[in-house]
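Worksheet: one structure, shown below.
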Amino acid sequence: MQKLLKIIITDKLINSVDSCVDEAVCGLVRANGGLSLLKGHRVVLRSDLENLRGKVALLSGGGSGHEPAHGGYVGAGMLSAAVAGGVFASPPPASILAAILSLYNAGASGVLLIVKNYTGDRLNFGLAAEQARNHGVAVDMVIVAEDCAFDRPSKAGRRGLCGTVLIHKLAGALAQEGCSLDQIVSKVTEVLKGIGTLGVSLSPCSVPGCLPSFVLPPGDMELGLGIHGEPGIKRSKVGFADEVVKTMLDHMTNPDSQSHLPLKSGDRVVVCVNNLGALSCLEMAIVARAAVICLENRGVEVARVMSGSFMTSLEMTGVSLTLMKANQETLRLFDAKTSAPAWPNLSSVCVTGRSYITDPPATSTRPQEDTYTEGPLSPVMRQVLQMICSTLLDKQEELNSLDRAAGDGDCGNTHAQAAKVIQEWLQDHVIPGCPGQLLSVLARLVQEKMGGSSGALYSLFLTAAAGHVTETQSNAAAWASAVHAGTQAMRRYGGADPGDRTMLDALCPAVDELMKLTTSQPGGHMAILQAAVQKATLGAEETRNLTAKAGRASYIAAERITLPDPGAVAVAAILRAVVEVLEAQK
């Protein structure tokens, strides 16, 4: 049991279970100059309390583990203070009262408590409110209860979830403008009628020092769960993001549910896509896209979207969607500036109806293929390309095998992909008589279809080489200059050099040999080409003895890499294919 407890504790990056909340609150305050810590309490305050004089102060809080809620929303234009309890535990009344009195003593005209609808929070904040009134403080409380999970909520009512953050924002903007306590309560109470939230999770979470809150088999998801790790209302298999979002919105707006958010075509909403803790940014963006499209397909106008971590549940892998029906006044308050560190820097432009696609420049760098005409070199260039493609396809698994030792094992696949694309192009196109035009076409094909760093490197090589060979200047010297220019471009932009265990270890020795074509007599060209192939082959083989200094292999211990570099092997094979075709022409 002791061993199990140690595993549970060390599964999180903390110092101790007992001190984690205090250290987290301290870290938040130390990292933000606009915040201060109330001595003896887990209370985060605005460091400029003097600016509250004559205005309503806002206080919220609850259990820890929901960061950045609630301390991250303390600042001008949002909360005046936030009080933290233990992980998933309501804060004690003494700390809540200390926060209220601190705000009152700073000159606040009244204090509004914004409380999530959980029994512990209602009791503790309520008790502190009654005690504060006995001290002469004008206190009121707004209960946030916007959970849309349960068709028929129990007597405890709907839970308070991420919609609480939106109430922080609107109430904070009203307080900043000098509205009275009654005015703020009246306005946010009305807004609350149009807020709904629903969460879905792909994993449970675990309180530091405890086992996971529930068991969720791999491939399952929980719909309608709370932010304290309590299970949801329905369990099903994980679907595609679009399907999951549609299911969530359907449930949230189902008129047969007593907890539903009434939503009809023509309504305007603010959407909050809230990361429950461990969802990747990529997944969050996909969910945001799905939510916007799904709502717009229903005729709902999406006015604003906020996407990120706003009210989490420790490390839970999941997301909640909050919808807030909005009019112009609501949006004005939502857009108001705040210094709260966790509030995102949002655009104030309406999402629906915005032109979000930018057309590319009118001028295209793509060669005009319909202007190509064949020339004397076209037949042999076609044969060379066909031989290169066949060679790369034959070597696909060999290159993959070499790459698995030092990379992600797809070198053969990427070269084969390029070969297939070129083969398809050869079926439908003439080979231009100008070699430079052909190289430009090949550069585009590998750039668009080959992918990865290999596609970029080959495209760089071909693009740089293209300008050195024309229909009138395509002799051996011109080709040597072209290959040299391409190699130099790869070195300049790729950052690698010979000896770094890359394709350059095969290419550079071959290029050094090919440059002899610029001064040799035609009768000696074939010998130079054959020597270049030999040097490329030898250079590729010798990479097995080199320490990688560039590319993915540079991140792997040298003793684990004992095979030749796959990129160098591919270069040697390409050069060999070229020379074999040229030899057959003799």
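Note: Cβ is positioned from N, Cα and C throughout, glycine not excepted.
As given in TrEMBL:
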type: DOMAIN; residues: 16-343; note: domain 'DhaK'
type: BINDING; residues: GLY63, SER64, GLY65, HIS66, LYS116, ASP121; note: substrate binding site
type: ACT_SITE; residues: HIS228; note: active site, tele-hemiaminal-histidine intermediate
type: DOMAIN; residues: 379-580; note: domain 'DhaL'
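Features recorded in TrEMBL, as mapped to the structure shown.
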residue	record	Cβ neighbours (10 Å)
GLY63	substrate binding site	23
SER64	substrate binding site	25
GLY65	substrate binding site	27
HIS66	substrate binding site	29
LYS116	substrate binding site	30
ASP121	substrate binding site	24
HIS228	active site, tele-hemiaminal-histidine intermediate	19
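Listed in sequence order, the residues GLY61, GLY62, ALA69, HIS70, ALA84, GLY85, PHE88, ALA89, SER90, ILE227, HIS228 complete the 8 Å Cβ shell around the substrate site centroid, once GLY63, SER64, GLY65, HIS66, LYS116, ASP121 themselves are left out. Across the structure, GLY63 (substrate binding site) and HIS228 (active site, tele-hemiaminal-histidine intermediate) place their CA atoms 9 angstrom apart. Counting in whole angstrom, LYS116 (substrate binding site) lies 12 from the residue listed as 'active site, tele-hemiaminal-histidine intermediate' by their C-alpha atoms.
On the 0 to 100 pLDDT scale, the domain 'DhaK' (16-343) averages 96 in the predicted structure.
If you measure from the Cα atom of HIS228 (active site, tele-hemiaminal-histidine intermediate) to that of ASP121 (substrate binding site), you get 13 Å.
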